[in-house]
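Colleague: Here it is, the structure in full.
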Amino acid sequence: METLTVGLGDRSYRILGGNGNLPGIGALCRELGLGRIAAIVTNTTVGPLYSGGVAESLSAAGFSPVLVEIPDGEEFKTSETLNTIYNGLIAGGLTRDSFVIALGGGVVGDMAGFAAATYLRGIPFVQVPTTLLAQVDSSVGGKTGINHPLGKNLIGAFYQPRAVVIDVDTLATLAEREYLAGMAEVVKYGVVLDRELFAEVERNVPALLDRDKAVLTRIIMRCCSIKASVVEKDEREAGLRAVLNYGHTLGHAVETLAGYGTYLHGEAVAIGMVQAARLSEHRGLAGPADVERLCALLTSLKLPVELPVFAADAYKGVLMRDKKARDAGLGFVLNKGIGDFSMVCIRDMDEVLAVCGIGG
Ligand SMILES: NC(=O)c1ccc[n+]([C@@H]2O[C@H](COP(=O)([O-])OP(=O)(O)OC[C@H]3O[C@@H](n4cnc5c(N)ncnc54)[C@H](O)[C@@H]3O)[C@@H](O)[C@H]2O)c1
Ligand SMILES: O=C(O)C(=O)C[C@@H](O)[C@H](O)[C@H](O)COP(=O)(O)O
Ligand SMILES: [Zn+2]
């Protein structure tokens, strides 16, 4: 087992990586000094696969687990589903010394985390990510929340977990499309923060497509370490943390306009990264070869790169609601070549639309 720490003072926590870690969850929660009742929040796909083992481990360590199951899908990342979680926590008798285990992908993690942040004004939670995307990104850093019909993750809170338990064994049951979507966030770290990681992914495409556990474990822990160091410096996205939003400005627009769940989050991020790279080229920060290299890697990972067609006004509307929008303009993360980034403020949305070929 490999361990990393996210250093945030009295809210610091460990990320446990590797395989075979699920059976150790009960012992870890005991070590963390968590209270008796543990709500395992999961969905109707992940629950039947993994909640039994997690519940057994918790019971063996003296906890009383209760199961809260929600429907599966990005389209259910809503206030209604959040209410289903609250109902489960109340019915399960959770008190302020109880805790939540978020068992699933990013959708479960974001919603269970937000429920934990707000139920009784906050109870502890542990992230147990079971998708590649959640293992490399969403389980770390404390962004929690739900979607709004007008924009992704518009409602939420920064609320750090007490621990993150990654078990790469769980990736064996993940559907191919979902697995590949997680690779988009891996590529993201490489493009803007780690040239060597980008090259490592390029060199290991066949092993990654085969889900080689050793390669995956190394890359997952590298991503967690990059994210941890960004979050340690800027937990609440006052500046630097926005780099983790590379590819998300147009990516979130695509998810919202196409209808949540039509494009997977990672797929939309892949498309958004290519548009961000084109803007970077337009602004003289990257060359055509960098854009080509990014497109080639995403394509070799079977990810989409083409921006879907929606009305220019529709794109503009969603872009203006991006969380990086300010009075002065839209904060946009661009790449400097491969491995570095630059934040710019874009005042004129027409520049974005023109470079991305939106509206003719
Ligand atoms: N908080 C953050 O920092 C952050 C970062 C990135 C993404 N996100 C959010 O994460 C979400 C996307 O997460 P995701 O890609 O994990 O999608 P997801 O949570 O929808 O999971 C993908 C699918 O895989 C299934 N699944 C999960 N684990 C499985 C397993 N081990 N075996 C079989 N099936 C399994 C799920 O039921 C679902 O159908 C988006 O809502 C995005 O906004 C948040
Ligand atoms: O942790 C972050 O910060 C990120 O931006 C990670 C992103 O991959 C993730 O999709 C996040 O949920 C997007 O945040 P948002 O603030 O744009 O909703
Ligand atoms: Zn993301």
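Each Cβ is built from the backbone N, Cα and C atoms, and glycine gets one as well.
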Colleague: Check TrEMBL for me: it has H248, H265 binding Zn(2+), so pick out which one of E176, E185, E196 it puts in that same site.
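Modeller: Record check against TrEMBL: Zn(2+) site with H248, H265, extra candidate from E176, E185, E196 is E185.
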Colleague: Using DSSP, what's the helix, strand and coil tally for the domain '3-dehydroquinate synthase N-terminal' (68-179)?
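Modeller: Taking the domain '3-dehydroquinate synthase N-terminal' (68-179) as a whole: 49 helix, 31 strand, 32 coil.
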Colleague: Relative to the mean position of the Cβ atoms of E185, H248, H265, the recorded Zn(2+) site, which additional same-chain residues have Cβ within 8 Å?
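Modeller: Apart from the listed residues, the neighbours are L133, D137, A184, K188, G247, G251, G266, A268, V269, G272.
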Colleague: Between H248 (Zn(2+) binding site) and T173 (NAD(+) binding site), how far is it from one CA atom to the other, in Å?
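Modeller: Taking the Cα atoms only, H248 (Zn(2+) binding site) lies 27 Å from T173 (NAD(+) binding site).
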Colleague: Highest CB neighbour count within 10 A among the binding-site residues T131, T170, T173?
Modeller: T131
Colleague: Please work out which residue of G106, G109 has the most C-beta neighbours within 10 angstroms of its C-beta, and give that one of the binding-site residues.
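Modeller: Answer returned by the neighbour count: G109.
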Colleague: Which of the listed binding-site residues (D72, E75, E185) has the least company, meaning the fewest other Cβ atoms within 10 Å of its Cβ?
Modeller: E75
